[in-house]
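Undergrad: For reference, Swiss-Prot lists these features for the protein:
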COILED    23-95  coiled coil
BINDING   282, 283, 284, 285, 286, 287  ATP binding site
């Protein structure tokens, strides 16, 4: 116990001190750990925010990369499509050229005959092309092996030829025709099926493809269509004023032979072939010709019991008929009468009206710079004589220089009836005015009041005042003084140069004045004062129109016949007009000429 017990407590204390030291070390370590943990806990929110920011940045970058990837993918797709398109274009450009041909006929074994490159070939047809629907003359496409791979349309370009006659068809072949080219050579051609359903007549213009020998289309000849105006005029005899005697003459000449052909045959009377209407300009020659066609159509339809009146009025524009090429004018004349014969063959009355007849059918040998009338006149004569066998065609010519028309045309048997359309006198002027001044027009209240508000009396008074103003031989109406070859002199008044066209123009002027007055003042209606002023304006406007350079020619056109006029002097005062002139050379003519 002595020495052993003495060492025991020391050892215990030493051990306890070591334990305490170890515990203190652990406590110190734990305290450091606690401090570290506390610092980490304090710093964790900031790190969390930093991580969240990094995460958001990563997500944004991922979205940007995804969008960029989509754009790159689209660009790659476009590049691939473009490569495919370019490859197709290269393949297409590398294909051999396709040829064209004209289908001629088909065979039972499925092959067809085509015309291509100046050769006639028998070729096969692609299954994509229906052989049965191919038409004669149709254009087809050929591949490199000369097989038909596609059906096309019909040719639309070529030479223009004139049909002479249709030939007898040959079984299994396209119809044929005889045509005349521009150099008058004749050629036999085939008709394409595009023409087989159209009525063709001699003289038609056709489109020819010269290499294949097919005609494809009927071409309207514009120059002929413009010259010939087919129409049923709506002008009635009741629309014409002041020409009752001339209308009666022309009705006797035209309507009687058409309506009573049996009586003409019984009396062995040949109906007239033609009528010449001559007289000063603007007096109704063309108007009468149109009324003839209209009246004739109504009468014939009434006799036949047909409901609708039908006739043809072939209005030939004289100067436009002329053509600078030799033979063209004669061809136009032949076509005109051919058209007339075709229409007359249907049992329909046909009026062939030549306006300004003196411009194309002058006396042969009277031409100054050409002798074109030497062939045109005989052509017309032969056509008129050819009309003899037709029952429904009559020729009407109009001219204000009948002295210049070739006498062979005017002789009996051609233009049998000659009717002069004279200038209207006072009575005729009243009749003409009544066609344009009607009771349906707006009339001024003051003028109505002067005639007891009677519209008929007001219009009648207007017409009477206007006629008196125009036809009075007063000082203000003096127009010209003419000197004849025998030395006599005569004063001509405006009434000596009136025409139906001039009377209509006066009424139109008055109506225009009434309209302007209505727009300016609000008070409307036609007044007699408007008509008086219109007369003055019409006279003044035409003061300088008479051609005093060649009085004799002027007199013929104006309708003044008899003693030869050698001198004309105008009597218009206040205009500073020159005195008259003797015969020199003709210049421009005006309305009066």
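Cβ atoms here come from the backbone N, Cα and C positions, even for glycine.
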Undergrad: These are the binding-site residues: 282, 284. Which one scores highest on other Cβ atoms within 10 Å?
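TA: Checking each of 282, 284, the winner is 284.
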Undergrad: Select the most exposed residue of 283, 287, where exposure means the fewest other Cβ atoms within 10 Å, treating these as the binding-site residues.
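TA: Result for the binding-site residues 283, 287: minimum number of other Cβ atoms within 10 Å at 287.
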Undergrad: Could you tell me which three-state DSSP class residue 282 (ATP binding site) falls into?
TA: coil
Undergrad: Around the C-beta of residue 285 (ATP binding site), how many further C-beta atoms are within 10 angstroms, looking at every protein chain?
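TA: Looking across every protein chain shown, the total is 27.
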Undergrad: Determine the mean pLDDT over the coiled coil (23-95), rounding to the nearest whole number.
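TA: Within the coiled coil (23-95), the model's average pLDDT equals 84.
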Undergrad: Same chain only, sequence gap of 6 or more: which residues have a CB within under 8 Å of the CB of residue 286 (ATP binding site)?
TA: 353, 355, 398
Undergrad: Given the recorded ATP site (282, 283, 284, 285, 286, 287), which additional residues of the same chain have their Cβ within 8 Å of the Cβ centre, ordered by sequence?
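TA: These residues sit around the ATP site: 277, 279, 281, 288, 398, 421, 499, 500, 501.
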Undergrad: What three-state class does DSSP give residue 287 (ATP binding site)?
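TA: Once the DSSP labels are grouped into three classes, residue 287 (ATP binding site) ends up as helix.
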